[in-house]
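Positions annotated as Zn(2+) binding site by Swiss-Prot, on the basis of sequence analysis: H72, H74, H231, D306. The Fe(3+) binding site annotation in Swiss-Prot covers H72, H74, H231, D306. Marked as 4-imidazolone-5-propanoate binding site by Swiss-Prot: R81, Y144, H174, E234. Annotation source Swiss-Prot lists N-formimidoyl-L-glutamate binding site at Y144, citing sequence analysis.
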Amino acid sequence: MVIIRAKQLVTALNMPWRYRDEVAVINDAAVVIRDGVIIDVGTWEEIKRRHPHANIWDFGDNLITPGLVDPHTHLLFAGSREDELERKLQGESYEEITRKGGGIYKTVKYTKETSDQELLNILQKRIQLATSFGTTTVEVKTGYGLDIDQELRLARILKSVKSPIDVVTTFLVHIPPPAGRENYVKEVLKAIPHAGTTYVDVFCDSIAFNVEETRTILKKAAEAGYKLRLHADELEYIGCSDLVEELPIDSADHLLNTPPENVRKIAKSGTVATLLPVTILTLRTSKKPPIDEMRRLRVPIAIGTDFSPNSWCLNMQTAIELAVYLLGLTPLEALIAATANAAYSLRLTDRGIIQPGKIADLVIWDVPNYHWLAYEIGRNKAKLVLKKGEPLRFL
């Protein structure tokens, strides 16, 4: 049994957390861990009195929070697209680059040419780097195989990964091939029962799948026992976020072009709005999710990195910082979006908050209070990362 003492402890008290819900901010705090599980939380004075014989790890100058959960990544691919940054700076849009054979199509080519073992090595290295920034659970999608055999291959690689943290697997129906769109959807429907992932996700947008195709795919996935996620309203609004009324979608992601009236549909459905501020930066767009309406209607907000060849960021700390400076979340909202609500978007209710009975996925930060997680930009502030009570990184 171990007691971790900290200058400040911050956690949501419920999952999902909604705007103006209560939050625990405990100064001179302590957490008790036994066998990888949190068994007690309180002030240092309370905890040392209740557990006088436990070992003590004293981080009395530091902040402790739940481990970060990254609920939206595209970690499994080969190659890079750094040349496309110059094209974007010259005025080409993401959609234009994709339609000319770049973007996703370019990454598909690199990924197909890379062996299973090399892809697995790439994936494992990326997960390890994400962990060093405080991520203790990560969602990873397929999506860069394009043809069905390649997508099932990527799903097999995903399921074989050996990782120091938990990996939630998603079969992403990413983008249709340049020709044979109708037949491709039929092939997807046949393949879904064989994916073996936890989630199925569809990129529903102007350059990807339309609403009817997305509805058909997600309905089939739900019937096959998969949980559902959705890329919605990223590049344009074509009606994708309306699907939360019809299907049990755990998380609707991006939402840059979601009309305010659709926020009510999201709120009523219980779907989490997963926002991806790094992508807003890399798309060089002025569009932003309707945050004020989400707050008003108390939609649970999560954030993720959206790591991909288009937004090369494994660092959830950066997502927190940009959620504050680009989207206007408070540091406290951003932290909870990266912990309790990110976990809830994956329906992982055994982590993401610091409470007795929850898994001891925790981060000790080299800062004195939670404000510094956004106030200081650009440094890795994670001092100690704990997965089920075991240290993963210590500086």
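Placement of Cβ uses the backbone N, Cα and C atoms for every residue, glycine included.
Location within the structure of each feature annotated in Swiss-Prot.
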{"residue": "H72", "record": "Zn(2+) binding site", "DSSP class": "coil"}
{"residue": "R81", "record": "4-imidazolone-5-propanoate binding site", "DSSP class": "coil"}
{"residue": "Y144", "record": "4-imidazolone-5-propanoate binding site", "DSSP class": "coil"}
{"residue": "H174", "record": "4-imidazolone-5-propanoate binding site", "DSSP class": "coil"}
{"residue": "H231", "record": "Zn(2+) binding site", "DSSP class": "strand"}
{"residue": "D306", "record": "Zn(2+) binding site", "DSSP class": "coil"}
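Proximity of E234 (4-imidazolone-5-propanoate binding site) to non-local residues of its own chain (separation of 6 or more, Cβ distance below 8 Å) is seen for F203, D205, D253, H254, L255, L256, N257, T279, given in sequence order. For H174 (4-imidazolone-5-propanoate binding site) paired with H72 (Zn(2+) binding site), the C-alpha to C-alpha distance reads 13 Å. Contacts of H231 (Zn(2+) binding site) defined by a Cβ separation under 8 A and a same-chain sequence distance of 6+ are given as D201, V202, F203, C204, D205, A208, C240, D253, H254, in order along the sequence. Comparing local CB density within 10 A for the binding-site residues H72, H74, R81, H174, the maximum falls on H72. Across the residues annotated as binding 4-imidazolone-5-propanoate (R81, Y144, H174, E234), the two Cα atoms farthest apart lie 20 Å from each other. Rounded to a whole value, the Cα-Cα separation of H74 (Zn(2+) binding site) and Y144 (4-imidazolone-5-propanoate binding site) is 9 Å. Of the listed binding-site residues Y144, D306, the Cβ environment within 10 Å is emptiest of other Cβ atoms at D306. For the pair formed by Y144 (4-imidazolone-5-propanoate binding site) and D306 (Zn(2+) binding site), distance between Cα atoms is given as 14 Å, rounded to the nearest Å.
The two recorded residues, R81 (4-imidazolone-5-propanoate binding site) and D306 (Zn(2+) binding site), have Cα atoms 15 Å apart.
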